[in-house]
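A quick write-up on the structure given underneath.
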Amino acid sequence: MIEYRNLRVALLGAGSVGAQVASLLLEHGDELANRAGAGLELVGVAVRDLDAPRTANIPRELLTTDAESLILGADIVIELMGGLEPARTYILQALTSGADVITGNKALLATHGPELFELAEQVGAQLYYEAAVAGAIPIIRPLRDSLAGDRIKRILGIVNGTTNFILDRMDTAGESLEVALATATELGYAEKSDPSADIEGFDAAQKTAILASLAFHTTVPLDAVYREGITAITIEQVDAARKAGYVIKLLAICERMTDADGVEGVSARVYPALVPRSHPLAAVHGAKNAVFIEAEAAGDLMFYGAGAGGIETASAVLGDLVSAARRHVIGGPGVAESTHANLPILPISRVITRYQITLSVVDQPGVLAAVATLFSEHGVSVETVTQSVQAGADPARPSATLVIGTHEASEADLAATVAALETSQVVRAVTSVLRVEGS
Ligand SMILES: NC(=O)C1=CN([C@@H]2O[C@H](COP(=O)(O)OP(=O)(O)OC[C@H]3O[C@@H](n4cnc5c(N)ncnc54)[C@H](O)[C@@H]3O)[C@@H](O)[C@H]2O)C=CC1
Ligand SMILES: N[C@@H](CC=O)C(=O)O
Ligand code: NA
C-alpha cells in the first residue's frame with residue numbers, strides 16, 4: 001500500500017448529488033487516491049438538517065451544520081447545495097483560504113462566474129465545474145482542454161433532461177405537456193423546487209451561458225442568452241413536425257456568427273426548434289442529453305449521456321476531484337478562464353436561421369401569391385410551400401393550411417413578416433412559427 005499525502009475534502013450539501021458523492025468517495029477512496037496520487041479524506045459534510053433522510057448512508061460523525069468551519073480546514077471544497085446564496089459566499093471563502101473548489105451549480109456560475117473565476121485566478125486556486133453542464137457527460141473539460149487548439153463554430157445542445165423527456169413523450173406517446181411533466185417530476189428529473197426552471201428554459205439558458213463563454217473565450221452573461229421555453233408547444237405542432245420529417249427539441253445554441261451588417265459576434269440562445277429526423281440530436285430520447293459541436297478543424301463531434309441524476313452527476317464531480325488532487329500533488333498555479341476574445345454578444349434580432357410558418361388562409365385564387373408577396377416584401381425568401389385544404393364548417397368560406405419553409409433569414413425580418421401576415425386579409429391565423437436548426 002502506497003503512503004500518500006492526505007488531502008482534506010469538505011462537502012457542502014448532501015442532496016441527490018452530494019449524498020452520492022459522499023458514498024462513492026467513501027467506498028472508492030483508495031482507488032481514487034491511486035489515480036490522484038494523494039489520499040482523499042472526506043473530513044465533513046455540511047447539511048441543513050442532521051436528521052434528514054438521504055439517498056445514501058453517510059456516517060453521522062461526518063455531518064455538520066457548521067459549513068464555515070468545515071471550509072476553513074479543507075484543501076478541496078465540493079459545493080453541491082445549489083442556489084446563489086450562501087453557495088457564492090462559501091465558494092469565495094474557500095478560494096480565499098486557498099482551497100480548490102468543485103461545483104455543479106450552473107445557476108451560480110452563469111450569474112456570478114466572472115467574480116468567482118477572477119478570485120480563483122488571483123489566489124492561484126482552481127474552480128472545477130464539469131457537473132454544471134450536461135451532468136455526467138464530459139463537456140467542460142473537452143471544450144476547455146481537448147478543443148482548446150481548435151475554433152468552435154457552433155454548439156447545438158440538448159442540455160435539459162426534463163424538457164427532452166416531455167417533448168419525447170409528446171412525440172412518441174401523444175402525451176400532453178402537463179402529463180409528461182408530472183412523470184418527469186416523479187422520476188426526479190425536474191428541478192424539485194420549481195419546474196419552471198426546466199420548462200421555461202432557465203436551466204438550459206444557464207448552461208448555454210457557460211458553454212458559450214467556454215467555446216468562444218468570451219464572457220457571455222446569463223441575461224445575454226435569449227430564452228424561450230416549451231410551454232407554448234402544442235401536440236398539433238409535435239404531430240405536424242413528425243409528419244414533415246422533423247422532431248421538436250429544446251436546443252441550447254451557441255454560435256459564432258456574422259450578422260447582416262457584417263458584425264462578427266456570438267449568439268447564445270435557447271428555444272424549441274425543428275430538428276431534421278436525420279440529425280444525430282433527433283435520436284436523443286427520454287431524459288438523455290447531448291451536445292453537438294461543429295469545430296473548424298475537428299469537424300462534427302457529439303457528446304451523449306445522462307445529463308441529470310444523483311449518481312450519474314456524482315461521476316463528473318469525482319472526476320473533478322481527482323483532477324484537483326493531481327494539481328495539489330504536482331503544484332503550479334490554477335489555469336485562468338480564457339475570455340481574451342471579448343466578442344460582442346449579438347441580440348436575437350440579428351440571428352440568422354431558417355423558419356417554418358403555418359398559416360390558416362382563405363382558400364381562394366390569388367392567396368398563395370399574396371402570401372408570397374408578403375414574404376418577399378420583408379426580405380424573407382420562401383424555400384418550400386405545402387398546402388392542404390380543409391372541408392371546414394362553412395362551405396361558403398373554405399380554409400386552407402399553408403406550411404411555408406424559408407431560406408435563411410434574420411429574426412428581425414421574420415418578425416416583420418409574421419406581423420404583416422397577422423394583419424393580412426387573406427390570412428385567418430398564424431398557427432405556428434418555429435425555427436429550423438441542424439440542417
Ligand atoms: N440533480 C441533478 O441531476 C443535477 C444537479 N446539478 C446541480 O448540483 C447541485 C446539487 O443538486 P441536487 O443534489 O440535485 O440538489 P438537492 O436539492 O437534492 O440537494 C441540495 C442539498 O443541499 C442542502 N443545502 C442547501 N443549502 C444548504 C446550506 N446552506 N447548508 C447545508 N446544506 C444546504 C439541501 O438541504 C439539500 O439537501 C445544484 O447546483 C444542481 O443544479 C447539476 C447537474 C445535475
Ligand atoms: N433539471 C435538470 C437537472 C440537471 O441539470 C434537467 O432536467 O436537466
Ligand atoms: Na458535464
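Glycine is treated like the rest: Cβ placed from N, Cα and C.
Remember, TrEMBL labels are computer predictions, not curated facts.
Secondary structure at Ser16 (NADP(+) binding site), as computed by DSSP, is helix. The feature NADP(+) binding site is assigned by TrEMBL to Leu12, Gly13, Ala14, Gly15, Ser16, Val17, Gly18, Ala19.
Summarising the annotation, TrEMBL assigns NADPH binding site to Lys106. When other Cβ atoms within 10 Å of the Cβ of Lys106 (NADPH binding site) are tallied across all protein chains shown, the result is 26. Secondary structure at Lys106 (NADPH binding site), taken from DSSP and collapsed to helix, strand or coil, is helix.
The L-homoserine binding site annotation in TrEMBL covers Glu191. Cβ neighbour count for Glu191 (L-homoserine binding site): 18 (other Cβ atoms within 10 Å of its Cβ, all protein chains included).
Listed in sequence order, the residues of the same chain lying 6 or more apart from Lys207 (active site, proton donor) and placing their CB within less than 8 Å of its CB are Lys106, Ala110, Ala132, Val133, Ala134, Gly157, Val159, Asn160, Ala252. Feature annotation from TrEMBL assigns active site, proton donor to Lys207.
According to TrEMBL, the feature domain 'ACT' maps to 356-438.
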>> Averaging the per-residue pLDDT over the domain 'ACT' (356-438), what integer do you get?
In response: 92
>> Suppose we screen the recorded positions Ser16, Val17, Ala19, Glu191, Lys207 by Cβ distance to ligand 1 with a cut-off under 6 Å; which survive, in sequence order?
In response: Ser16, Val17
> Rounded to a whole number, how many Å is the Cα of Leu12 (NADP(+) binding site) away from the Cα of Glu191 (L-homoserine binding site)?
Replying inline: 19
>> Just to confirm: which same-chain residues, 6+ apart in sequence, have a Cβ under 8 Å from the Cβ of Ala19 (NADP(+) binding site)?
In response: Arg54, Thr55, Ala56, Ile58, Gly310
